[in-house]
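S.K.: Below you will find the structure I want to go over with you.
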Amino acid sequence: MAFVASVPVFANASGLKTEAKVCQKPALKNSFFRGEEVTSRSFFASQAVSAKPATTFEVDTTIRAQAVDAKKKGDIPLNLFRPANPYIGKCIYNERIVGEGAPGETKHIIFTHEGKVPYLEGQSIGIIPPGTDKDGKPHKLRLYSIASTRHGDFGDDKTVSLSVKRLEYTDANGNLVKGVCSNYLCDLKPGDEVMITGPVGTTMLMPEDQSATIIMLATGTGIAPFRSFLRRMFEETHADYKFNGLAWLFLGVPTSSTLLYREELEKMQKANPNNFRLDYAISREQTDSKGEKMYIQNRIAEYANEFWNMIQKPNTFVYMCGLRGMEDGIQQCMEDIAKANGTTWDAVVKGLKKEKRWHVETY
């Protein structure tokens, strides 16, 4: 998932580069990937056809968690690495995560950063593809939402994961056009180096309230930040964080074969039925009560009263991530719900934004 954006500079970012403290490694509960148990980097090494020997990916038992308490300190890691001086990470895993016959290809990619690029759930990193554009200038960085918790997929604070869909389309002249960065990333092999910038972003950070209701609206690779949310909530055990609220994910995709992390999500939901609700909107396979294609807004409409009542509560937070086209349908749905409750959505969403309870990142 990629979008190009200007990156603002925030104060207090550099402190996280030098401050490090030893903490207990987070215990991973029910850790799995593509339905299999995951305990260390060696799992990913064994899954990747071109992976180097597992010894290359041994987990260091001394954990440095630079970003763990960032929000409590009032510090959010931002712009630690810039385009002029990126961090050089390495790909250690790159595998397809869509089913057979899926339209398009999406990969789960893991990079090492050896604790040098701390980040928080909801942030993004920049990737600079090698080479130059048609004008001979270096390629611009692309931003990708992070799909792993701050501790990475192995809980050792040394990796960062992305969900990347390969961009390919035919233009008006019948020429095949390939996205520069997405194709570069999807073609990486374990051991390949990659230029990383960031982290960036404060819009999609998780709320600190551990009893909050968190509603997540995602399409396609927009699932990335919510995978990081959910893994922090339900797969890691922390002395200072225990989620006991409600997480409700609406995931919109065209076909069942494009449900990213399906086994992972359903396993978490089954293990946490009182704290995690999961609803799919599969547009090419499902219809609503009116016989219309099932998009996220159609699924939300089925829970209109419940959804409305939830967002009236001060500890309910709504997050939206995915293709920009999802916004119009959800906007219309919310306007209809607000009207049925005697008000306007413009007034409601204005209040939600003021209270920092409505968060949108689309591309």
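Glycine residues also receive a Cβ, built from the backbone N, Cα and C atoms like all the rest.
The transit peptide annotation in Swiss-Prot covers 1-65, and the record cites experimental evidence as its basis. The domain 'FAD-binding FR-type' annotation in Swiss-Prot covers 84-206 and is backed by sequence analysis. Here Swiss-Prot flags Arg142, Leu143, Tyr144, Ser145, Ser163, Val164, Lys165, Tyr169, Val180, Cys181, Ser182, Thr221 as FAD binding site, drawing on similarity to another entry. Residues or ranges marked as NADP(+) binding site in Swiss-Prot: Ser145, Lys165, Thr221, Val253, Pro254, Ser283, Arg284, Lys293, Gly322, Leu323, Glu361.
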S.K.: Give me the DSSP three-state residue breakdown of the domain 'FAD-binding FR-type' (84-206), ordered helix, strand, coil.
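M.R.: Its residues divide into 7 helix, 51 strand, 65 coil.
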S.K.: Taking the Cα atoms as reference points, how far is Ser145 (NADP(+) binding site) from Ser182 (FAD binding site) in Å?
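M.R.: Given the Cα positions, Ser145 (NADP(+) binding site) is 13 Å from Ser182 (FAD binding site).
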S.K.: Could you pull the average pLDDT for the domain 'FAD-binding FR-type' (84-206)?
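M.R.: Taking every residue in the domain 'FAD-binding FR-type' (84-206) and averaging pLDDT yields 94.
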S.K.: Count the other Cβ atoms sitting within 10 Å of the Cβ of Ser182 (FAD binding site), across every protein chain shown.
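M.R.: Counting Cβ neighbours of Ser182 (FAD binding site) within 10 Å gives 24.
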S.K.: Using the alpha carbons only, what distance in Å do you get between Arg284 (NADP(+) binding site) and Ser182 (FAD binding site) once rounded?
M.R.: 25
S.K.: Which whole-number value in Å describes the distance between the Cα atoms of Gly322 (NADP(+) binding site) and Ser163 (FAD binding site)?
M.R.: 12
S.K.: Among all protein chains shown, how many Cβ atoms are found within 10 Å of the Cβ of Glu361 (NADP(+) binding site), not counting that one?
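M.R.: 22, counting other Cβ atoms within 10 Å of Glu361 (NADP(+) binding site).
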S.K.: Of Arg142, Tyr144, Ser163, Val180, Ser182, which is closest to Thr221 (NADP(+) binding site) if I measure between C-alpha atoms? They're all binding-site residues.
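M.R.: Checked the binding-site residues Arg142, Tyr144, Ser163, Val180, Ser182; minimum Cα distance to Thr221 (NADP(+) binding site) goes to Ser163.
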S.K.: Out of the binding-site residues Tyr144, Ser163, Val180, Ser182, give me the one sitting nearest to Glu361 (NADP(+) binding site) by CA distance.
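M.R.: Going through Tyr144, Ser163, Val180, Ser182 one by one, the Cα closest to that of Glu361 (NADP(+) binding site) is Tyr144.
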S.K.: Round to a whole number and give the Cα-to-Cα distance in Å for the pair Ser163 (FAD binding site) and Pro254 (NADP(+) binding site).
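M.R.: Computed Cα spacing between Ser163 (FAD binding site) and Pro254 (NADP(+) binding site) is 17 Å.
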S.K.: Can you tell which of Arg142, Lys165, Arg284 has the least company, meaning the fewest other C-beta atoms within 10 angstroms of its C-beta, among these binding-site residues?
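M.R.: Comparing Cβ neighbours within 10 Å for the binding-site residues Arg142, Lys165, Arg284, Arg284 has the fewest.
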